Amino acid sequence: MKMLQYTLLNVPLRRNKLLLRYSAQLFKRCYSADIRNIGILAHIDAGKTTTTERMLFYAGKTRSLGEVHRGNTVTDYLTQERERGITICSSAVTFPWNGKRINLLDTPGHIDFTMEVEQSLYAVDGVVIVLDGTAGVEAQTVTVWTQADKHNLPRLVFVNKMDRPDANFDKCVDDLKSKLDAKPICTQYPVKNNEGHLGIYDVITLEQLSWQQKDYGRVYHKTKLESSDALRDLQEKRNELIDQLSGLDDELADVVISTEGFDQVSNKLIGQAIRRATNQNKIVPVLLGSAYKNIGIQRLMDAVNDYLPTPEERNQIYECFGNDLAGKVFKIVHDKQRGALTLVRLIRGELKRGMRLTCSSGQAEVVSKIYEPLADEYREVSSVQAGDVAICAGLKSTVTGDLLTSSHSSLKNAQKRLMKSRGLTTQLHEDEEDFVGNQEMFAIETQIPDAVYFCSIEPPSISSQTAMEQALKQLQREDPSLRVSYDAVTGQTVLGGMGELHMDIIKSRMLSEYKIDVDLGPLQIAYKETIESSAINTFSLEKEIAGSKQNVSITLELVNDQVEVFSLDKSPENVQNLNALRPRILQVVRKGAISALERGPRVGGQVVDTQIRLHNVVIGRGTADSFIMAAAAQCVQKLLTTNGTRLLEPIMALQIVAPNDRVSGIMADLSRRRSLIKDVTTKGDKNKLILVNAPLAELSGYSSALRTISSGTASMTMQPCGFSEMNSADESLAVRRAQGLE
Ligand SMILES: Nc1nc2c(ncn2[C@@H]2O[C@H](COP(=O)(O)OP(=O)(O)OP(=O)(O)O)[C@@H](O)[C@H]2O)c(=O)[nH]1
């Protein structure tokens with residue numbers, strides 16, 4: 001028998017507010033059609049965590065209601081999240097609702113944690129987008145909407161905070177059309193009673209829904225509307241809804257035509273049409289309520305069950321796996337007793353205890369245990385079915401974002417089938433490059449955002465260096481957007497990441513979870529470097545090591561290229577020699593040469609958009625691989641130093657929403673920040689949306705500057721959008737700053 005109700009993850013361990021409800025009927029086996037894997041996304045502070053808390057409460061998972069301001073929510077479980085009142089790690093919770101199981105991921109809203117959101121989206125089949133009813137579509141809403149678009153995820157919109165007097169439902173719906181180009185279908189409208197309490201009109205059932213506060217909104221009442229203007233108005237809205245839907249759904253259109261009108265169309269048929277159109281991303285059903293005042297949440301959960309897809313309805317690309325195993329790793333957590341636990345969304349096949357698996361890097365893994373956590377304890381199970389989420393122990397090399405398969409050959413066979421079904425004939429090769437390249441066919445490669453900031457990290461004493469390295473390794477498996485490297489020049493460990501908050505959280509987690517009080521150096525911008533022009537060089541290295549003569553002569557060329565990082569020269573004078581090289585030697589040369597691109601000569605930035613072309617290599621008998629590798633690396637370093645590199649600086653894409661009368665002040669300030677205004681559009685009656693790209697170096701303290709210029713009326717989000725060349729003066733300044741001379 002399988003568990004139906006549990007709380008996933010290291011969420012609420014040993015929290016007495018959670019109930020262990022082992023009622024027999026809840027433990028019935030859950031089939032894929034009864035599962036909904038959903039994400040909850042929004043602009044910061046729209047109310048995701050509060051909404052999730054209510055869902056858990058009404059599903060019977062918690063005994064009391066958690067509040068963000070009291071720091072006692074289930075999903076914001078890290079000390080840092082509770083203290084700061086924000087979501088940092090996406091967390092998963094599972095609860096039963098009307099015979100279905102909802103696996104819900106609450107995701108962070110802050111830009112520094114975009115990677116978390118990205119990974120969660122691989123694990124879900126649909127999303128709920130929460131809007132703040134007083135603010136409508138905000139900058140980060142646009143960002144998460146675009147992310148959901150990228151994953152082609154069906155979605156529902158929940159307009160929250162409708163209890164507030166300044167909330168405006170119609171404006172939110174207009175925003176969805178104008179700012180997101182969505183087709184909203186309102187299945188509800190707000191209504192206020194004589195005392196000003198929020199209620200909901202249900203457009204489909206023509207009922208008024210009202211909630212009582214004395215039982216925390218657990219029970220709500222449905223009242224059929226009596227003949228009145230309100231009923232006529234609602235009937236009109238129902239007709240409009242059917243009209244809109246039948247234009248998009250042929251099955252409903254046939255019913256409308258055969259019954260010659262809208263009145264005869266049943267609620268069930270409308271619901272089915274909404275489901276089909278939502279799953280094809282033709283419409284977005286819109287619901288409303290107030291999470292804080294406990295209004296409307298149960299209907300939102302009903303809508304998740306009714307309108308969002310089952311696991312089987314999605315992920316058709318993975319059909320090429322047949323019954324073979326395919327699972328997406330969306331999170332790794334560390335449990336004190338059980339060590340690293342890997343959260344896997346199982347897409348195909350069945351995952352069994354003791355199974356051998358292969359992760360994206362090609363490493364073999366063995367699942368020692370599988371858990372389904374139950375409220376405050378993990379429950380061990382022997383297997384988990386496709387469509388569900390499993391927590392695996394024993395995986396050592398797997399990182400967040402990996403695709404787990406039963407073997408390398410199973411992955412290759414699936415890729416062959418996929419390519420065949422797409423009419424592609426590309427030959428698969430054994431080597432590593434193709435292994436990685438072909439993963440892109442599945443859009444499964446881990447997209448790790450480039451670090452835009454870095455800083456040194458130091459343990460409190462030399463004796464805790466190893467413990468610090470271990471802890472960083474664990475944190476990095478959880479969060480691949482955290483980069484850890486070693487600077488051989490300064491002898492320091494260096495952290496790369498997405499922003500100040502990101503680094504700050506790492507420091508705090510090191511202390512609270514690993515008891516290591518690390519010191520972070522000043523935050524610096526992570527520049528990249530690139531070559532200006534092609535250059536070629538022959539480099540010879542000769543040495544006697546332990547009585548054996550080692551010598552290598554290697555000719556390498558650097559060329560500007562954004563696609564391939566390493567290639568072989570195809571000219572007639574070299575092709576024969578290179579073809580005669582053993583593949584292992586080629587791998588060694590490749591590895592050594594590429595390693596030299598990790599640190600450029602100007603500021604130690606990664607060298608990008610540069611291809612290393614091997615022209616020739618002559619290796620003396622008995623020369624060790626490590627010696628060949630060193631020669632290749634030194635050859636590239638020499639080329640980079642003598643030929644010189646240009647700096648590339650991180651660019652941020654800003655979305656600023658500001659009242660019309662503040663726009664000129666904001667634009668004037670932006671022009672002083674080397675920015676590029678991409679677009680300025682109207683946002684409603686009073687606001688403008690400014691889309692602008694600006695170098696990160698110019699944005700230090702920008703959010704407070706914007707607050708000052710706009711007297712707090714403007715809002716902004718930003719995200720990294722690539723790297724760009726700079727002019728010589730700015731470049732020299734950046735180099736001086738990086739060297740600590742400015
Ligand atoms: N008036 C009102 N306030 C609400 C409502 N829902 C949430 N809030 C408040 O809005 C604030 C933000 O709520 P959260 O649930 O933390 O929002 P979030 O989207 O999870 O925020 P992040 O995790 O930081 O992105 C809190 O102070 C909530 O109490 C609501 O329906 N009405």
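Start at 1 and count along the chain as shown; that gives each residue its number.
In case you wondered, yes, glycine gets a Cβ from its N, Cα and C as well.
Looking at 56-83, 224-251, the range annotated in TrEMBL as coiled coil turns out to be 224-251. With respect to ligand 1, the binding-site residues A42, D45, T107 contribute A42, D45 as residues with a C-beta closer than 6 angstroms to one of its atoms, given in sequence order. Confidence for the coiled coil (224-251), expressed as mean pLDDT, is 92.
The Cβ neighbour count for M162 (GTP binding site), using a 10 Å radius and every protein chain shown, is 27. Reduced to three states, the DSSP call for A42 (GTP binding site) is strand. A helical conformation is recorded for K48 (GTP binding site) in the three-state DSSP classification. Around the Cβ of T107 (GTP binding site), 27 further Cβ atoms fall within 10 Å across all displayed protein chains.
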